[in-house]
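In TrEMBL this protein carries:
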- 7, 182, 183, 184, 206, 207: purine D-ribonucleoside binding site (BINDING)
- 18-226: domain 'Nucleoside phosphorylase' (DOMAIN)
- 23, 27, 46, 90, 91, 92, 93: phosphate binding site (BINDING)
- 207: active site, proton donor (ACT_SITE)
- 220: site 'Important for catalytic activity' (SITE)
Ligand code: HPA
């Protein structure tokens, strides 16, 4: 195992086999402070905070991924390939595309379509489908059911753009059954597969792409709590 990489310098603090990754590093700190015990910080390079602690006796780490595929591409690559991490569970938010999905439902990303060129580096002679680990999907669904969460399992779009110039963009992806748009999972799934490791993305729906809906801070917090409990229980 590597001591340190350009972006992760743990200074002897262990990194668990399973890492939860929110986009926001302060979200990682919030998760460590509120859900983990015996917490030690393992990274502060570029303020991309990472922590290791325990949840119900299991060692788990949590670290920010940053926004977009280049950012999660770097951190997940280093975690999988240099720090012996087996599983990364992204815990994020997404914008819903389908009519039957409501704010603060949970989306479990079975697959991640993308408009990103991240996949090009693998020189695949065709169009590869980045997919999550099946066991993690079924475990997440099982824990979501136990919590009574409203879930949707399917294909998300990992987009390189938050603001897209093409006005048909959202309707085209909706037509193809994409549940929601986020910006990281395809790179995570590609890195996991290439390294022979496991990944899953779980999302709360933070906005609906085609509807203008207001929500309360309490609803947001409840949805976040549900997603975190699903992710923590799914973590092996
Ligand atoms: N687009 C991309 N990423 C997102 C969105 C969105 O609408 N909402 C939350 N993450």
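Cβ coordinates are placed from backbone N, Cα and C, and glycine is handled just like the others.
Structural mapping of features recorded in TrEMBL.
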{"residue": "23", "record": "phosphate binding site", "Cβ contacts under 8 Å, 6 or more apart": "64, 65, 66, 67, 72, 92, 93, 184"}
{"residue": "27", "record": "phosphate binding site", "Cβ contacts under 8 Å, 6 or more apart": "64"}
{"residue": "46", "record": "phosphate binding site", "Cβ contacts under 8 Å, 6 or more apart": "7"}
{"residue": "91", "record": "phosphate binding site", "Cβ contacts under 8 Å, 6 or more apart": "20, 21, 22, 31, 202, 203, 227, 228, 231"}
{"residue": "183", "record": "purine D-ribonucleoside binding site", "Cβ contacts under 8 Å, 6 or more apart": "67, 68, 69, 158, 159, 160, 162"}
{"residue": "206", "record": "purine D-ribonucleoside binding site", "Cβ contacts under 8 Å, 6 or more apart": "93, 94, 95, 103, 220"}
{"residue": "207", "record": "purine D-ribonucleoside binding site", "Cβ contacts under 8 Å, 6 or more apart": "93, 95, 96, 103, 213"}
Those recorded positions listed as 7, 90, 220, and which of them has the most Cβ atoms within 10 Å of its own Cβ: 90
Cα-Cα distance linking residue 182 (purine D-ribonucleoside binding site) and residue 90 (phosphate binding site), given in Å to the nearest integer: 11
Tertiary neighbours of residue 182 (purine D-ribonucleoside binding site) (same chain, Cβ under 8 Å, six or more apart): 92, 93, 94, 95, 109, 156, 157, 158, 159, 201, 203
Cβ under 6 Å from ligand 1: qualifying binding-site residues of 7, 27, 91, 93, 206: 93, 206
